[in-house]
C-alpha cells in the first residue's frame, strides 16, 4: 500500500480562507509500494493517501480535483471512479486506542506564512498508483454528511494563496530558536553557503528501487543505518551532492517533496507508539467497528474521537526511535559500525567530502585497555583515507559533570585548535593543523554520566542513542568508543558555533566506560589503549570543568618543542571568579583564589628552576608520550603510575595506598628519576586555565582530604627514594639542585606534620601577650584580656578535640553545620590573634605613656625584630612577588579571607585528612555484574544480529530529542546518596595508630613549649622567634626561586629574539661596512620591533 505519511495543513484540501497554515519543515516519507513515476493506476485495491496533520485525518485521491476547479473555489459534490473495491481491498484506518495524539493548531510554534498569490499545494499532486492494478475510489461524503455526521476534522474549502514551503527553503534553527550557522538567515557574518539538497527517501529498503526512481540518491539512503567499511564508502556522499536552492526546489517539485514527514507520538496510555503504515497486512483490510458503519458503505466514514485529556502528549514531529534487528558483519571478530549522522546536523556542515564528517564510528571494545592494540582494534587515524600522524593528543576526563561544565571545557579546546590552525607560518601547524590533533573524552561509568552531557555530545554528532551493546558474542563490553570529526561546537550557553565563528574540524574520540573504575583507569584507557594506537608526540590532560585560555594549549605544546629534555609541563590554574568577580564574595572561593595565585607565583616557578615539580595538576598538564614509556622489562613511569589501580586489601600497606591517592605526584617523580634519562619538568607561565573550585564546606573538605594525604605520602616516598637521582643521566649541577630541593621539601614536610601544634602555640603566645598589664588594651590591668584569652584558649582546645570526633565518625556531607560552625569559631580565634599582633606592634612603636622610655626599634632580640620584622617580611614578599609578576589583585581581594580561614586549613582539613587515611578504595563494589539493558550482538562466525535504529528517521528522532532537552533545560532527578561502603579492618587499625601518634606528637610539643615559655615575654620567647623567622626564611627562599624563574624566562625571550633576528639579518657584515660602526647600532635598534614580532610567533 502506498502512502506519503502525514501532510501538513497545506497538504491536500488546504486553503487560505479557513484553517491554519502548515508547518515549516517537512521531510518526504515513502513506503515500499510508492511509485511516483508510474503513469497508470492499477486496479484491485484501495489506496492510502496523505494525512492531514492538523486533525490526523485521511483524504483519498478522489478528493483531489482539477486545477481549474480549485482556482474557482468550486468544490464538487461527489467524485467517483469507475471501480469500487471490495471490502477486503479497502483501506485500513486504525482504531481509537492505537491512534496517536497530535497537538492542536494553537500548539504549533513554527508557522509558514505564504504569499497571497502562491498556488495551493495540491494543484499539482504527484501520481500515486494504487497497488495491484487497482483504481481510485473517492471517499468524499459530501457537505450534508459532513455536517450531520460525526465531527470530521477541519478541511478547507479553498486553497487559494497557500502552499507548503519547499524543502529547500527550510533553515534549521538552533536549540534557542535562532538560525543555525551557515544558513541564509544566520546572523554570523555573511556566511551564506548553499543548503544541502533534499535528503533521499528515508523509507526505501531496496537499493535497486531507490536507484531506479531516484538516480540522484543512488548509493545514499538506500539501505540500513549501518554501512560497510571500504574505500568506496569514503568517496560516496550519502546525502547526495551539494546543490543550490533553485535545484533543490526543482527536485522537490519533481518528486513530490511537498508532503511532510510521518509524525509519530507516544500512545496517550503509555503503550508503544507505532506508525500507521508500519504493517503492510493491515492496509489491505477494512476496519470500521469504531464507527459502527457497514464495511460496504462508502458514504460512511470513521472519526478519530475526542482528544485525550490525560497522558503524555509528545511534541509534533517527535517520535520514539524504532528499533529493528539487523545482521552486521564483524570486523576481526569485533563489532564496528559506521552510523550516519542526523540529517539536521548534516544540513549545516561546511564539509561533507569525507566519511569522517558524515558517519559516526562505533566500536564495542571487549578487552582490557592494555590489550587494545594487540587485539587488533584500530582508530580512524590508523585506517583508510583518515590515516594520519598525531602530534597532539588531548584527554578530557569526565565523571558526572553536567552539560555546562563539559561544554565550557570542550568549546575552549576547540578554540585552541583553531589557534593552532591560524599559525600559517609554523612548520608544524597551519590550515590543516586540526588533522594532527585528536581529542579523547573518557567518561567514568555509563550509568553515572550526566544525561544532558550525553545530549551535548549527541548534538555535536559524537554520540548516538541506541547503538551501544552490552556484549558481543557473550563477551562483555568494557568500553563503548565513538569516533567522529565534528565541525560544530556548543559554548557554555549551549549555543551552536561553527565555521563562521572560526571553529575548525575536530577529531574526537568518546570513550564511555561500562563500569565506574575511577580516574586512574580512565587514564589507562587514554595512555595504554588509544595512546598506543596513535603514538602521539605530546599528551595533554584536562578535567571537565577546566577552561584553558585561547592560546594555552599552544604554549604548553611549545615547551616540548623548544626543549627536548622536557618530559612534563603544566600551566597556571586559576579559580573561576565568575562574572565581575562575584564568586569572590564567598570566602571559600576567595581563599582558594589566593592559595592558587601564590602557588603559581612562588611554588611552581621555584620547582621549575630545579627541574622537578612535585605535582603536575591533572586539570591542566602535558607529558611527552615517549618519556612515559616503560623499559624492556616493563618497568617505568606508566607501570608505577597505574600500579595504584590494583591495590586492594592487605596486598598493599596504607602508606602505599595513600601515596597513590596523588598518583600524578608519583608520575612526576618517576619521570625525573627515570634510569638513564635526564627528563625535567617545566612550568609554563603563558598557559592558563580556569577551573571551578568548591564553594561549599563539604565539597571543600572532601577534596582536600585526598590532596593532603596524597601529597604527604608522596613527599615521603620521594624523600625516601632520593638516591634514584644518582642513577639518572642528569648533570652534576642538576643533581645538586635537586638535593637542595629535597631539603626544602623535608622542612616543609616537618612543618606540615607539626602544623597543629604550631598554630596553637602561636595563638597561645600572641593572644596571651595582651594579658600583660603593661600591654592591656582594655586598661584593666590585664584582667579583661586574661578572661578573653582563657575563654578562647579553652574553646580552641575543645574545638580541636571535637574535630577529631567529627572526622572519625561523620562525613562532611552529613555534618555540614558542625563543620561550618567549627570554621567560624576558628575564624574568630584568628581575628583576635591578628588584633593582638597589630596592637602589640603599634604599642611597641609608640612611646609608653607611663614612662619616658623611647620605643625600641632597633634590630636585635626584641619584640620589634622577632614579631614585626618577621611577619612584615613574609607579607611584604607576597606583595613584592605579586607585583613582579604583574598580578597583584588577589592581594587586595582575597588575602584577608585566606588569612582568616588559615586555622581551618591547618586544623579542620589536616585533622580530617589524617583521620581518614583508611579511605583508599579505588574500585566500586557490586560493579562487576554484566548488564543487559543495552542488548547484545549475538551470532555465529563473522556475522552477528543486533537491534539498531530502523532508518534515518529514527536517528533524527533521537538527535531532535537531545536538542530539545538542551534547549528546555530538562532537569535530571538527583541520584540518592548510596550507603557508605564498609572499610576493611586493616586500614582502620592502621588509621588509628597513625592518628594517635600524630595527635600525641603535636599535643606533647604544645604542652612542653607552653610550659617552658609560659611566663616569658614575646621578645624572649625562643620558640616563637624560631617559628616566625622560619616562615620568613621559607618565604624568602620561594621568592628567590620565583625571581630566578622570571629572570630565566626573560633571558630566554631575549636570546630567542636575538637568534631570530640573526636569521633575518643576512648580509650584516655588508651593512656594517657600508654604514660604519656608528650606524650599525641604530639599524640594529630599528629592527627590534621586527624581532619582537618574530619572537611572538
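These residue numbers are counts, starting from 1, taken along the chain as shown.
Each residue, glycine too, has its Cβ placed from N, Cα and C.
Looking at 942-962, 963-983, 1026-1046, the stretch flagged in Swiss-Prot as transmembrane segment turns out to be 1026-1046. The record in Swiss-Prot shows matching topological domain names for residue 770 and residue 1056, meaning one and the same side of the membrane.
When other Cβ atoms within 10 Å of the Cβ of residue 424 (N-linked glycosylation site) are tallied across all protein chains shown, the result is 9.
Its Cβ taken as reference, residue 416 (N-linked glycosylation site) is surrounded by 23 other Cβ atoms within 10 Å in the chains shown. Summarising model confidence by region, the topological domain 'Extracellular' (887-894) averages a pLDDT of 91. Across the topological domain 'Extracellular' (808-821), DSSP classifies residues as 11 helix, 0 strand, 3 coil.
When each of the listed stretches 749-769, 787-807, 866-886, 895-915, 994-1014 is scored by C-beta pairs under 8 angstroms to the transmembrane segment (822-842), 895-915 comes out highest. Below 8 A, the CB atoms of the transmembrane segment (787-807) and the transmembrane segment (866-886) form no more than two pairs separated by six or more positions in the chain, fewer than 3 in all. Across the topological domain 'Extracellular' (887-894), DSSP classifies residues as 5 helix, 0 strand, 3 coil.
Beyond the transmembrane segment (994-1014), the same-chain residues lying 6 or more positions past its ends with a Cβ under 8 Å from any Cβ of the stretch are 654, 753-754, 756-757, 760-761, 764-765, 804, 808, 914-915, 917, 1020-1024. Broken down by DSSP into helix, strand and coil, the topological domain 'Cytoplasmic' (770-786) contains 6 helix, 0 strand, 11 coil. For the pair formed by residue 424 (N-linked glycosylation site) and residue 416 (N-linked glycosylation site), distance between Cα atoms is given as 15 Å, rounded to the nearest Å.
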